[in-house]
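Heads up, the thing below is written out as structure tokens.
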């Protein structure tokens, strides 16, 4: 862990682009599924997931979903439903509507806003299958009005008996309309290009291993994809008023995710810096994921002291963290100075897990410094816009000379003529 | 050109991913500029653009911009200014503001919306340098509030004497804050990673040749990029009321762009189909870019007849065209049925060049079927959002059990503890 002045610290973690072999494997799988459809999809599922399926077994049945409800605990279901209600309410505020603007000259200009028609969500298998991420991915699409939301997850998820029931329940609760037991690059290719059993989608979302990430890059263009998530990170910007127990607990809640995660304290208080260092050591000792958290702190953890909050904000803006906590005497005063952060948690009662699970804002956030230019997953990500232009005869006559001047300057004579041909004949036929 | 029923027609044009050699060349250039900064940038500018520059000569001077104003015609400048005013007015309507929502329990949730800080625009050299595209790229960033807008264009643009004055004037009028005479993959790398002379940007926009497109793909992640434009296309959806001269002129205004462009008529009227075919032949004969337009029509042009407008809309939605014209008896009645189109031009007085140059909506639109999931360039593309979460002590106590339940289910004990540690001590220190 780096401890010291902010000047000396630089957080650098490379994005994963895969080895040439991994890229070649993914290219082969994607091409095969694109060309052969179900046949290749089932072949790779047997080879890689060790599960032999017939086409009619790909889709998860209504009975399986109903059975899943019997397997989850009532307190889990209650918490999940409350989280879903909060996430839905927050994302409802992001909705946009079409608009049109009519002018006195008869011109109408506008923007037609529509949901995507069909979206696919990848849910990884095993321990990385998080019900909370199902909510966070599906509910913005649902609020946007996407009518077809498809979930895919490897058939091995949750062992031989089938798909993890918690995932099935989270999917059903959040409004998934179809689920398929497929995984890996072959699942991404099936979503992007479609097969006999699985119609193609317009956008593929969700996290996965390196093969899934490379497959998403490979199909981008044929479909839209969400961002490719990097390792997670938190920065706590704190003054002397902060409780070091809280700060350390919050740093550890990020560090336990994985060894690549980064937890950084930026503070004006030497005393707080020392106290947090001690608290980290004390609290990490009893964590089930102690080894992961320790490795994360060792490699990517830092306690940085700054002269004042203005320097603190500069450090934060340079790091552009996924999660930022602000625990200060007047935290809301500092918001205007925060240029780059995925989510901002304000004050002593807003630990990051509040946002991960419950409050309502999305937990799928820009990582690895990309908060400089990107945003939390939101309803806009599942909407598309079309501009609308209706010119009147009057407006076209008024603007024809200007349009023709610009078109001819660019050497596009047919553009100028498409306007001028309408001036000759008076009213259109 | 394909002429016949819509069922038999399929428009397929591959996206450009470059040859392995081109990809390797781009990788080398990008890495060199990333590592060596100005030295590599100047070396490749000399090697590829045949212009030897010193670092202090990279930036376009105020004097050059002033001199450019003396070189452009008054009617060009007047038309450009009117277009800029219209584009600004339309994009002003897309602006978004931050919002916060305070609840009775003391919780505040919100979304902070901010402009990107620094954006780079690539303008290709030679004949592909379009002043109208400078407006369409820069003005949405300007309206979004981006404080630093950087334009780069090859030093060879406009011949040995310097940069095309029309580009300089368009840049100055639309609010570009810095301009550099660099081009190719080396310019994209300089924008993405920064050099001694050119600070790094947060997003790179604008069209270019295959090397520029591959460089944009290569730097994506370090910075944001806009979409990579494919060949342009138009679909005219028309009933018997349409004037065949107008329809043909509009198809040609797209076909003249390049040989890969596509112009398609979808109509319920056999009579119109025949008349447009004859008009195309007549009108193309006198075009300066006749050979390009003819090649485009031959390879990617089509006249498709459909049984009714409902089938017509289905064909349109499948093609998901960049530009769609609707010339029908009651065109506004059809808007609700259009699912996929970049821009929709309604009625007989809305030829596509109206939107290319003047009306106000953006002319940078999703191509090659991507209107299924993407949108015209707009103000949102230059904004980023941060969620804001301020929980109260009361809200945290109320929600703690639910949050801890979900966190522990996912095996993330430190997440649960970060919440629970705040319950023990009463008020925070």
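Using N, Cα and C of the backbone, Cβ positions are placed for all residues, glycine too.
Substrate binds A:232, A:254, A:257, A:323, A:410, A:415 as TrEMBL records it, and from the list A:164, A:202, A:356, A:380 the residue named for this site is A:356. Comparing residue A:209 (NAD(+) binding site) with residue A:356 (substrate binding site), their Cα atoms are 21 Å apart once rounded. Applying an 8 A CB threshold to same-chain residues 6+ apart, the list for residue A:356 (substrate binding site) reads A:132, A:363.
Highest local Cβ density among the recorded positions A:122, A:209, A:232, A:254, A:322 belongs to A:254, counted as other Cβ atoms within 10 Å over all protein chains shown. Note on proximity: among A:122, A:186, A:322, the recorded positions of the record, the Cα nearest residue A:232 (substrate binding site) is that of A:322. Calculated from their C-alpha atoms, the gap between residue A:415 (substrate binding site) and residue A:122 (NAD(+) binding site) amounts to 45 Å. Around residue A:323 (substrate binding site), the same-chain residues six or more apart in sequence whose CB sits under 8 Å from its CB are A:232, A:233, A:234, A:235, A:254, A:341, A:342, A:343, A:345, A:352, A:355, A:365, listed in sequence order. For residue A:186 (NAD(+) binding site), the Cβ neighbour count at a 10 Å cut-off comes to 28, with all displayed protein chains included.
Each residue contributes its Cα atom, and for residue A:322 (active site, proton acceptor) and residue A:122 (NAD(+) binding site) those atoms are 21 Å apart. DSSP assigns residue A:415 (substrate binding site) to a helical segment in the three-state reduction.
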